[in-house]
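According to TrEMBL, the transmembrane segment annotation covers 30-50, 88-105, 117-138, 144-163, 184-206, 226-246, 258-275, 281-299.
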Amino acid sequence: MSTTARTDGPVPTSARASRLAPSPRWARRILWANLVAQVAIVVTGGAVRLTGSGLGCSTWPQCEPGQFAPQFHEATSWHPYIEFGNRTLTGVLGILALLTAWTIVRRRDRSRSFRLLGLVPLLGTLVQAVVGGLTVLLELHPGWVGTHFVLSMLLIVASRALLVRHAEGDGPPRPLVDARTRQVSRLLVPLSAVVVVLGVITTGAGPHSGDADIPYRLALDPAAVSRVHAVSVWAYVAGVVALVVLTRRVVAGRVRTTALRLLAVTLAQGLIGYVQYFTGLPVVLVGLHMLGAGLLVAVQTNQFLSLRERDEASATSAAPAAPVTAAA
């Protein structure tokens, strides 16, 4: 009698599960739609704050007591519609996150870690809905507003990682670059976290509270915090430049390409940051800066994961291959 060894990795896929699972093309479209929506809600959430519509709906989950949606009358301003529109996009995001979870979890032929990663956008979106509600109920306290933003950045990271993992196998990762390049790329991860958090603190000390009648701000000097934030940005830029230099001789073209993309987005984001600071923080530039933050963490996630490759688990050799670089 034959026996089958148990494994914590992929498990056989039933015929019924195979029929219900979307095709690889549709799966990738769903994952891309989820990523785009995760970035888009950063922009729409920023629009709520920058237009002073943060309390356009005075409560949560209803817009007003006894009213789920804004009710139009002559005295109605446009703030409730901006806030409610952002809440509506959260519903769309929830649907895409649910589709993402369904797409990934049904892949019984993939590793458990990959399938668990597929649940992150859905669970994170649910948490974000609660945090957003608490932010309104606590009248836009900058600490809660900042938490809301940081969670969005983490969801963008997870969503971009899902796209990369979906396109590769579950075999052991094989490095495509040398140890020094990998170390620099790893260093950029905590550096980017510092940049984002300091950016959130800088925003919390700045003028855009989200509602003109609720001017809660962090008790910090905006100019001093901005300078500290700028120092962290320059440290991050130096790390990205070092990464680009280190990848100049790597044979794997995608490694070089992702490093250059990261440099381009970083420089563009830094330029927007300086221009907005010296022009009095116009709302359009602040909104672009928020979009840039979402794009930056997405591009960095892709760059970090491009430094290795993974084959199918059954076709992976035990020993990882050595990094390949071009001859001098």
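Each residue, glycine too, has its Cβ placed from N, Cα and C.
For the transmembrane segment (117-138), the partner stretch with the highest count of Cβ pairs under 8 angstroms, out of 30-50, 144-163, 258-275, 281-299, is 144-163. Here the transmembrane segment (184-206) has long-range neighbours at 142-143, 145-146, 149-150, 153, 217-218, 220-222, 225-226, 228-229, 232-233, 235-236, 239-240, 242-243, 246, 281, 293, 296-297, 300, 303-304, 307, meaning same-chain residues at least 6 beyond its ends whose C-beta is under 8 angstroms from one of its own.
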